[in-house]
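What TrEMBL annotates here:
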- 21-40: transmembrane segment (TRANSMEM)
- 60-80: transmembrane segment (TRANSMEM)
- 101-121: transmembrane segment (TRANSMEM)
- 159-180: transmembrane segment (TRANSMEM)
- 186-204: transmembrane segment (TRANSMEM)
- 257-275: transmembrane segment (TRANSMEM)
- 287-306: transmembrane segment (TRANSMEM)
- 327-349: transmembrane segment (TRANSMEM)
- 361-380: transmembrane segment (TRANSMEM)
Amino acid sequence: MYPKIKKAIQPFRLLLNDSRVTGILLITCTLVSIVLSNATSTHNYLLFWHKSILKTDAEIFPNTPLSFVNTALMSFFFLLAGTEIKRELSNGELSAFKKAILPFGAALGGMVVPALLYFLFNRTSGHLSGWGIPTATDIAFSLGIASIIGKRFPVSLKIFLMALAIIDDLGAIIIVTFFYGGAIDFNYFIAAVVLYGILLLMNFTKTKNSALYIIISIALWYCLYQSGIEAAITGVLVALALPISSLNKLEKIIHTPVNFIILPLFALANTAIILPNNIWQNIFTPISMGILLGLVVGKPIGIFLFSRILVYLKIAHLPAKTSWIQFIGMGTLAGIGFTMSIFTTTLAFDHSILKEQATVAILLAMCLSFAISSIYFFILDIKQIKIARSQQMLKTNQANNWVIHQN
């Protein structure tokens, strides 16, 4: 009986591991949230995310559904991201200098140029705190859409995009930690450092007590939360402190809940915004333009420019079976910043109107990046087919001419 059950649920397992499904689910949740937020009959939907869980003024823990999702549940997203970062640093695409230098350089360019574009639009607006928003690349969305594009998106380029997105996640975590924290409570901060030191020591001594890891990780999260540092980054810190041998098991446990529960909840919670009647006017605000152009234009330019310099200087080389033309399309796809961009928005701005402007720009950038990259690779595929046919016809003509010449 068991083999039959296993065979019956196999398609569902494959579905849960398909990155395209994650991307489609997040898009669906985003659309549902925006519709519910702007429907007159569902006003309670907006109120729900901001309603206090317990009637207390003490900041003991995240006290609204929105803050609970962003600060507590997103720790598991960062834990999953952390396992990917550690694996790649240990024995993957980032394990050797020659392998890592190009995705590191590309990711750096993909963060620096968007931040500069945002600065240019907002240098006199008083909203420079949003500079970190367009620096992010959403690993789930970008890889999901790369899978939707299919065979037109080369496997080697997809692996490179994953490495770039992982480094980008690491960069975003550093930005959030050092630039978007509040006033630091050093007592809790020192306690967090001590707890993290214990985790590292446990790893060094090959301690395999899962319960102890969990207890210390929860305590670390609480100390970071109370210290004023963004507590969600606890996830990546814990992942980096875990033994390599435990990463696969951990990833199997949290992969499905993160992609099919936590990220959809994050999308629902953070796109619960009321779209203004003059939405197109709001797009042309300094904040929106800085984010929109930073993601859609700055990302591909930065990735291409920094990569080109590294290859020109012979410090790095392009991934196998890829071209610079394909690289530009990949850079456009990296302009989908969704998860980390929205996460940074919640930290960068306090005013709801500014958050709405930023969120609308992020969503529009996602749509444009998706459309541009899909069309780009479709046109590129048609051109490659035409070139292949022309080459085949040339070979056929040469063969026919040789036969005629022999006769």
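A Cβ is built for glycine as well, from the same backbone N, Cα and C atoms used for every other residue.
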Request  = Any chance you could find the range in 21-40, 101-121, 186-204, 257-275, 361-380 with the most Cβ pairs under 8 Å to the transmembrane segment (60-80)?
outcome  = 257-275
Request  = With a Cβ cut-off under 8 Å, give me the same-chain residues at least six positions beyond the ends of the transmembrane segment (287-306) that come close to it.
outcome  = 105-122, 125, 127, 130, 133-135, 137, 164, 324, 327-328, 330-332, 334-337, 341, 354, 357-358, 360-362, 364-366, 368-369, 372
Task = State the residues, same chain only, that lie 6 or more residues beyond the ends of the transmembrane segment (101-121) and have a CB under 8 A from a CB inside it; answer 'none' if no residue qualifies.
result = 93-94, 128, 130-135, 137, 160, 163-164, 167-168, 171, 286-287, 289-291, 293-295, 297-299, 301-307, 309-311, 315-319, 331, 334
